[in-house]
Structure formats: structure tokens, C-alpha cells
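Straight from Swiss-Prot, the features:
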- R22, E83, R122, K457: (6S)-5-formyl-5,6,7,8-tetrahydrofolate binding site (BINDING)
- 219-378: domain 'TrmE-type G' (DOMAIN)
- N229, T248, I250, T253: K(+) binding site (BINDING)
- S233, T254: Mg(2+) binding site (BINDING)
Amino acid sequence: MEFDTIAAISTPPGEGAIAIIRLSGPEAIQIADRIFYAKKNLSEAESHTIHYGHIKEDGEVIEEVMVTVMRAPRTFTREDVVEINAHGGIVSVNRVLQLLLRNGANLAEPGEFTKRAFLNGRIDLSQAEAVMDLIRAKTDRAMGVAIRQMDGNLSRLIRNLRQEILDALAQVEVNIDYPEYDDVEEMTQRMLLEKTELVRASVEQLLQTASQGKILREGLATAIIGRPNVGKSSLLNQLIQEEKAIVTDIAGTTRDIIEEYVNVRGVPLRLIDTAGIRETEDIVEKIGVERSRKALADADFILLVLNQNEELTVEDEALFEAAAGHNYVVVLNKTDLETKLDINKVRELAGENPIVSTSLVNDEGLEALEEAIKTLFFAGDIDAGDATYVSNVRHIALLHQALEALNAVTTGIQLGMPVDIVQIDMTRAWDLLGEITGDSVQDELLDQLFNQFCLGK
């Protein structure tokens, strides 16, 4: 398969030390040669070499650059690739790109370089999606999972499962088409059930990692809730180590929702500092309270903050009711002051949920809180090198569908259905697993997936 030659800026827009303009395609080296001036033509250059020179337009030098030449097939796209390293100015970089376009290159679509790597067989679809996961990773663990997926760990597992299914289907077909062959082992219902159970167990094992994988990939929407002036904004600022929220002794000073991402011991949290939830006549504060209630309803995880220096109120107890059904940690703040809170009542309300004491004004208790969050979601350490990790929402959905098809095979066999009937669901499971790696996928889905990438990737 041969495509045209594409070009795009691969680095983020704006001022910086360098910017990279990438070309890929059959004419990549020739097009770059038309605008690059040095002692040696790029067309004569060996693969994976770097060359110093200038970019000229109508005889005028417009950039001083370093150019990398990489010849097919030992490139990301398996095509000839040229990368021009220029100074990171907005005007100069765009001028170089426009010059390439005028000399025969076409502007790349979002994700087109990665799409070509997939279409040319350099990577499969799950590996291509892992590229975006790596770019978006917010923690070292998330990065580790993405890198392992890019290396093909998930792909190999899925292909092994598909091969198990294919072997069973092939034997069923031989039995149906050539029943007179005595030397071909008959695929009995018992044998097919054993094959199905083997694949089904592996799919279930993959899905068991999905919840933690989804946390690593997307982060947890974390609502910090509590009555006004219990220390919610102080907690936010301590976790992110920045003064993002207003901290005063005046109740109700947080009128809006403040969001910030933070990495807590490998757990990516999207922290939402909500306005204090209470009954109020202040119109502006009332809007903030309503937004807080919505954030609470949508949250994956809750930090419920109480003031240890005050007695438990009806509003506090209502927060426990609102948090029911969520994972949450109770934060008993202001331990530097006299304890007036009924701790036994708090334990009763919290049930099995962790309780951590803090004095945010004295920087006390934060480590214990971080450890409680890590333990709550990651029982022990996640092994980012685990080859069976699944974190992509599309993959999880396909695995669930494949599991349903495999369950249908098991049910059919147990009901005594003929092997040639239950093989329909077996084939469906094979197809669904193939959609994860891109071995069976529609063009419309490919366009949708790769359009999520940035230009130049």
C-alpha cells in the first residue's frame, strides 16, 4: 500500500527551543531536498543520519536547521521519513511547513502518521491507541501500562486467544465438511467446552484488571466535600502544592468549583474543590452549592472533610448519606484544636471507609491520607509491566461482548446444542477480539480513533 507524502508540525505550537516538522511518504526525502541546502543532498544520505544546513525560499535563508533522514522500512510509518529540527518560533516553523506543502507535500490529518504505521503493519490498533495513552498519561504507572501495550503485550495475548478459538473452529469445520475422514479427531462437545472455558477464563482475568486500568488511564473524578470552612480548600492546596483555592476563616468563600489534576502515589485524581454544602439564602453561593451537589453525584471518589473542633451536625450526617455508594475517605481536619467531634459516631457513619486525621495548617496527616487513597484503589502495588493489563474503554467493551458470546457457547453446549450451531457464537467472539487489535475493524472506526490524535502524530 502506497500513500502520498504528508507533512505536519509534530511539536506543540508556541515559542520553544526547537520545533519539529515531520514528513512521511514516498517523496519525503525529495521534497525536503528541494528546500534544504547543505554540502550534501539528502537524497544521497544514508538512513538514520542527521545533517546540518539551511532552509531557503527563493534564494533567501529562512531557517537554520538539523534534518534527520530515515529510510523505509526502518521507520515509525514504514515509509521514508524526514524530520526537520528548526527553532521553536511560530512564524518560522509555519513558514517551513508552508514551503514543504508548496513543494509537493500534503498537510497531514490528525493522527495520520500513526494511522499509516497501523495500515503499513508497523503496529496494530491496540498499539496505536497506546500511543495516545502514553501522551495523555498522568502518572508513571499509567505511562508504564501504555508502554507495555505499545510493546505489544496485550496484542500477543489477544492473538493467542484468537488462535485458540480459530483452532477449535477449524476442527469443527473439518468434522462438518469431511465426516468420512477417520484420521481427523472429532471435536466433541466436551472438547469444545474445554477450549471455550480456557479462553473465557483468560478474558475474565483481563476484565478483572479493567477497573484499575481505567483509573490509571482516565483518573478519578474526586469531589472534596464538607460544610463551609472545614478545610476543603486547604486540602486541595496541600495536595497540589499550590495556592489555587481561597483559604479564609469566612464560611462560604468558595463560590464555584475548582478543578485540578494531581498524582497521589500513582493514583491520578481530578480534584474538584466544591463550595460548602449547606442551606443558604445567598443567591451566588446557592448556585455553587447546586454545582457541588452535581459534582458529588458524578464523582468516582469522595474526600469527606469534617471539622474535628466542632460537633457533628445534621448537615455532616447528610453528607455521609450523599456519599453512600461511592468510595470515600473521611478526613478529620483541625486536629491541632480541641476535639469536639464524636469520633465513635463518625466511625459508625463511615462504616468500612477509611478515616484519616489531619492538621492541614501544620502540614500533618497528608502522608497518611495519600496512603489511604492508594490502598483503597490499589491493593498492593500495581505492576505496570503486567502483560495482561487492559485500560482502554473500547477494549473493555469488546472484551465484555466477547465474554457474552463465549458464555453463549458454554450455555449452548450445556443445553446439548449441536457443535455446528454453537460455533456461530464462537466465531462472534473471535471477531470481537479481532476488533481490539484491528484484525477485524471497519474503516469508519479507524477514522474516528485516529482523529483523536494531534496533528503531526
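Counting begins at 1 with the first residue displayed.
Note: Cβ is positioned from N, Cα and C throughout, glycine not excepted.
Considering only the binding-site residues N229, S233, the Cβ with the fewest other Cβ atoms within 10 Å is that of N229. DSSP assigns S233 (Mg(2+) binding site) to a helical segment in the three-state reduction. Cβ neighbour count for R22 ((6S)-5-formyl-5,6,7,8-tetrahydrofolate binding site) (all protein chains, 10 Å cutoff from its Cβ): 25.
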